[in-house]
Amino acid sequence: MSMALSAITESIRQQKAIEEGHEDDPHALVNMSAMWLVPQYLLLGVAEAAHAVGQIEFFYSLFPKSMSSIASAMYTIGTAVSSLVGSILVSGVDWLTSTGGKTSWLSSNINKGHLDYYFWLLAFLSLLNFFYFVMVCRLYEIGNDGSSRLSHVAEDKESRKKLKSKNRVKMGIETQVEEKPRKGGLRTMPFIIVNEAFGRVASYGLQFNILIYLMTYYNMSPATGTTILGLWGAFSSGLALVGAIIADSYWGRFRAVAFGSISTLIGMIILWLTAMIPQLKKLPCSHFQHVCNGPTLLQLAVLFSSFGFMSVGAGFVRPCSIIFGADQLENRTNKRILESYFNWYYVSTGISTILAVTLIVYIQDSYGWKVGFGVPAILMFLSVLMFQIGSPLYIKVKAKTKQNLVIGLFQTVVAAFRKRNTRLSLTDCDEYYRWPLESEVLTPSKDLRFLNRASMIEDPERDLNPDGSASNPWNLSSLEQVESLKAIIRVLPMWSTGFIIFVDMNVFAFSLLQTKAMDRHIFPHFEIPAASFSVFLIIALTIWIAFYDRVLVPLLSKYTGQPRGLSPVTRMGIGLIASCMSIALSAITESIRRQRAIEEGHEDDPNALVNMSAMWFVPQYALLGVAEAAHAVGQIEFLYALLPKSMSSIASAMYTVGTAVSSLIGSILVSGVDWLSSTGDKTSWLSSNINRGHLDYYFWLLTLLNLLNLLYFLVICWLYETGNNESSRSPHVAEDKECDYRLLPES
């Protein structure tokens with residue numbers, strides 16, 4: 001990092017020197033503060049301190065005690081070898097770069113030379129050395145464990161140790177001569193949390209600003225770009241379910257996270273290459289051009305392949321990373337340890353998102369897309385590297401051998417469909433299949449009775465194995481599976497009320513165009529990047545959760561009798577109301593902004609700054625943050641309360657799938673509005689020229705849909721007799737009076 005920063009700083013210094021006319025005068029002062037060099041010196045100091053002390057301790061732990069003094073001696077010899085290598089490298093670079101009468105990179109005139117190239121070479125060599133370091137680490141079974149010295153001590157001590165062991169065995173004391181190094185524990189947390197944090201900074205850093213990139217270099221309209229990004233989000237969220245199934249049933253979570261991280265890195269590198277290679281993107285079009293050619297098929301293929309790799313990566317990392325971290329805890333039944341882990345995990349997630357919305361977006365706006373996409377790619381590389389470095393320390397839980405719950409639900413649907421003509425039994429409960437045999441016997445519930453056919457045993461000899469299990473799970477499902485499927489169907493209507501909130505998130509893309517054409521200064525010399533305004537949503541979301549948990553819950557629980565202050569359904573309703581208010585406010589704000597732009601004569605120039613502060617958008621972002629916090633948490637608690645305990649993990653999975661469905665609906669809505677509003681050669685509401693389009697009409701349409709969704713929510717609430725009733729999670733156990741149960745046939 002220090003060498004890369006040195007290269008970047010030198011590039012900026014040399015460019016300024018040339019611009020100021022000092023190319024032939026290496027002694028001239030450049031109008032640039034030398035304090036730019038402080039960060040690289042600090043990083044180099046941290047590097048030397050961490051590596052030197054670590055190396056000496058490493059030597060000390062692996063050398064016999066009689067060779068302890070050699071540790072510091074080897075460090076000194078290492079500095080001598082390094083000095084020799086450095087001298088050879090400098091001489092070689094100077095000779096090679098000055099051949100043919102060219103100016104050496106290391107010329108005495110640093111304004112004509114290229115110190116930045118030399119620093120990049122050192123950064124590359126440091127990177128190769130880091131790979132070499134990682135490979136060597138994997139060869140060591142023990143890294144920094146002091147117990148490793150036991151394998152290198154003198155022979156007489158080893159003999160004494162064996163003798164003591166034999167004596168202890170004779171005395172009846174069980175002992176373990178050689179213990180394997182322990183795995184897991186809190187020491188693995190830095191690797192896992194850094195992997196997730198860097199990955200989120202990299203991923204979110206691309207998402208918030210990428211619409212501008214698509215519009216500028218792929219000549220896409222806002223509607224087309226938003227549709228593509230919506231489909232990308234739907235694909236990423238939908239694959240989370242696939243990733244969870246593969247991790248639980250086949251690969252295990254370690255392989256899933258490793259594969260997902262590498263896939264994300266490949267996608268980011270491809271996206272960075274589209275910025276670096278001119279042939280992979282179109283030249284920007286001026287808004288004064290009447291005809292603007294779109295991207296070629298090859299250019300779109302490369303772009304979409306990068307999105308695809310990142311979606312696959314997100315699908316494997318999102319559902320597995322946090323659970324993989326929980327696998328490492330030595331005492332996973334300790335609630336305090338679990339809460340501490342989850343708190344730190346989500347703190348890192350929040351900080352990562354804020355860094356992505358602010359720092360990465362600022363880099364993209366200030367230094368362009370080459371650096372703006374390169375930095376997330378580097379962060380993702382570090383994320384992959386950190387995760388792999390911790391590999392020897394991880395507890396790697398193998399994939400479960402039992403049937404995956406999600407697959408079991410699909411099997412129930414198929415079995416019920418295949419037996420759609422089978423007559424339902426009204427009294428004989430022995431016709432229903434229960435597995436395992438020691439589980440509680442259930443009576444099929446009375447609602448959704450057509451699904452009961454999936455658990456009906458038509459021919460015991462054909463349908464059952466000798467041990468009582470189903471011979472073909474796609475033809476016969478247990479009553480537990482049937483009731484689990486029914487539980488999901490019961491919550492689907494309430495779950496669907498959350499779609500519209502995530503459709504509202506598409507407003508971000510258009511708000512980016514609005515804020516880009518407004519005054520974003522909060523101080524005379526500080527301007528907020530347009531894409532960074534979404535940080536107000538994150539801040540509002542965080543404040544709401546903390547305020548509700550610490551202030552409102554103690555107050556409201558006294559009056560409502562609810563341990564969480566308000567029921568999950570009530571909080572979902574608050575979220576829907578806040579969402580309605582946010583979109584209505586967006587429509588009003590856009591009407592005012594558009595009117596001012598026309599009055600100032602900017603109707604044909606969407607990039608012209610309107611004399612209006614972008615801080616007008618803060619309230620709508622804040623309301624949308626409250627909406628997401630209230631509805632999302634309430635929905636997950638509602639699902640957790642109504643689903644059986646065996647399906648608790650499905651609650652978060654349904655939330656993720658809901659975001660995928662919402663992204664898909666949002667993309668269809670944007671495409672439909674763009675097509676309908678542009679018929680008859682009219683200007684589309686979602687035109688790239690927002691001063692001629694009518695974003696306010698689109699926001700009013702979303703407001704109407706939010707109001708209809710709120711009415712739909714109220715109807716659904718009326719249909720639910722219970723909201724957060726814990727007893728509803730327990731399946732109905734049959735009493736002896738209901739059925740005279742017998743053991744299922746064994747053959």
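Each position is counted from 1, following the chain as shown.
Positions of Cβ are set from backbone N, Cα and C atoms, glycine also.
Among the features that TrEMBL reports, transmembrane segment is placed at 41-63, 75-97, 117-140, 197-216, 228-247, 297-324, 344-363, 375-395, 528-548, 569-588, 655-677, 697-720 (among others).
The largest share of C-beta pairs under 8 angstroms with the transmembrane segment (228-247) comes from 197-216, of the ranges 117-140, 197-216, 375-395, 569-588, 697-720.
Cβ atoms under 8 Å from those of the transmembrane segment (697-720) belong to residues 493-494, 497, 499-500, 503-504, 507, 510, 569, 572-573, 576-577, 579-580, 583-584, 586-587, 590, 673, 677, 685-686 of the same chain, restricted to positions at least 6 beyond its ends. Within the chain carrying the transmembrane segment (375-395), a Cβ under 8 angstroms from the stretch's Cβ atoms is held by residues 130, 134, 137-138, 141, 143, 183-184, 187-188, 190-192, 194-199, 201-203, 205-206, 254, 257-258, 261-262, 264-265, 268-269, 271-272, 324, 327-328, 360, 363, all 6 or more beyond its ends. Of the ranges 117-140, 528-548, 569-588, 655-677, the one with the most Cβ pairs under 8 Å to the transmembrane segment (197-216) is 528-548. Nonlocal intrachain contacts for the transmembrane segment (569-588), taken as residues 6+ away from its ends with a CB within less than 8 angstroms of a stretch CB, comprise 494, 497-498, 500-501, 504, 507, 511, 617, 619-621, 623-624, 626-635, 637-638, 696, 699-700, 702-703, 706-707, 709-710, 713-714, 717, 720, 723-724. Residues 3-4, 6-7, 10, 93, 97, 105-106, 385, 388-389, 391-392 of the same chain lie 6 or more positions beyond the ends of the transmembrane segment (117-140) yet place their CB under 8 Å from a CB of it.
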